[in-house]
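Per TrEMBL, the features are as follows:
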{"type": "ACT_SITE", "residues": "Lys14", "note": "active site"}
{"type": "ACT_SITE", "residues": "Asp140", "note": "active site"}
{"type": "BINDING", "residues": "Pro98, Ile99, Ala100, Ser101, Gly102, Ile103, Gly104, Gly105, Gly106, Ser107, Ala108", "note": "ATP binding site"}
{"type": "DOMAIN", "residues": "71-147", "note": "domain 'GHMP kinase N-terminal'"}
{"type": "DOMAIN", "residues": "209-267", "note": "domain 'GHMP kinase C-terminal'"}
Amino acid sequence: MPDYPTVTEAARAKLNLALHVRRRRTDGYHELETLFAFVEHGDSVRVTPGAVDSFTLAGPFAAVLAGEGDNLVTRAAIRFRDCFGGGAHMIELDKHLPIASGIGGGSADAAATLRALAKLHGVALDDPRLIGIADALGSDVPACLLGRTAFGRGRGERLVPIPGLPGTPVLLVNPGVAVSTAAVFQAWDGIDRGPISTGNLLAVAREGRNDLELPACAIAPAITAVLAALAAQPGVLLSRMSGSGATCFALFDDAAARDAAAAALQRPQWWIAATNLV
Ligand code: C5P
């Protein structure tokens, strides 16, 4: 019997309802303004204290991730132990989100690992040391640790929670290509197209943009076809690429419209998930 109960944490996919790139920084990162939102669909991370460390993978995208040298889950666990102690853990990742796809799969997994470890070892989720670990693991990890609708600045780590649109039907579509975040940011044209306005979330998101769509489409032209197909679906409130791509999303006014779009958009290479905002 373990000393502590097993903790399972959802690693929900992250969406950037809008993502405005404002400038290139001297540290190589880009100054952003973004609207983060989360959907029900995602990975899940199960953590159990054990005698030795272990990491196992299951789920539809397990094989893709297994081919990668290191991953954010084990890095998160190492950093947690360096900071808070807590001994060895058995970590199981159920991988449902495509890799390198703009919906924060790796970031959500790292954040879910930190949340599970924090719960097991009595660390507050708003402990600045935990947030510091999240920040060091990646620009989207603090947002995924928070796990709720938020306005993000800086690299995306300076967060202000905002009211969300829970229950809004969402379709996620990925053309089956992995895109390098660094390469997409590198290909950004350097033009500041202006800030995100304030007000009603849906109105603000619709007024906004994802400034990474142009560079991402130049690198992976298949994204252009996904964006066009989503925009043409009946009942779409907003359609856009998330993060640095290649996953695009659409928000719908009802679940029937989302499900009809899901049926209409089936293609051999495309990954599609019908879900809802949380
Ligand atoms: O922070 P993270 O490791 O997820 O970022 C991956 C890469 O994406 C960075 O090395 C950087 O090239 C690029 N990036 C950026 N500006 C951001 C976030 C990421 O240029 N705000």
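Using N, Cα and C of the backbone, Cβ positions are placed for all residues, glycine too.
Remember, predicted model here, so these are calculated numbers, not experimental data.
What TrEMBL annotates, mapped onto the structure for a quick look.
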residue : record           : contacts (Cβ under 8 Å, 6+ apart)
Lys14   : active site      : Phe36, Ala37, Phe38, Ile103, Gly104, Ser107, Ala108, Asp140, Ala143, Cys144, Ser242, Gly243
Pro98   : ATP binding site : Phe61, Val64, Gly105, Asn174, Gly176, Ala178, Thr247, Trp271
Ala100  : ATP binding site : Gly106, Ala178, Val179, Ser180, Thr181
Gly102  : ATP binding site : Asn16, Val179, Thr181, Ala216, Met241, Ser242, Gly243, Ser244, Gly245, Ala246, Thr247
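Note on Ala108 (ATP binding site): other Cβ atoms within 10 Å of its Cβ, all shown chains, come to 29. Around the Cβ of Gly106 (ATP binding site), 26 further Cβ atoms fall within 10 Å across all displayed protein chains.
Here the domain 'GHMP kinase N-terminal' (71-147) is broken down by DSSP into helix, strand and coil counts: 45 helix, 6 strand, 26 coil.
Annotated ATP site Pro98, Ile99, Ala100, Ser101, Gly102, Ile103, Gly104, Gly105, Gly106, Ser107, Ala108; additional same-chain residues within 8 Å of its Cβ mean position, judged by their own Cβ, are Ala13, Lys14, Leu97, Gly243, Thr247.
Summarising the environment of Asp140 (active site), the number of other Cβ atoms within 10 Å of its Cβ, over all protein chains shown, is 28.
Here the Cβ of Gly104 (ATP binding site) has 30 other Cβ atoms within 10 Å, regardless of which shown protein chain they belong to. Reduced to three states, the DSSP call for Lys14 (active site) is strand.
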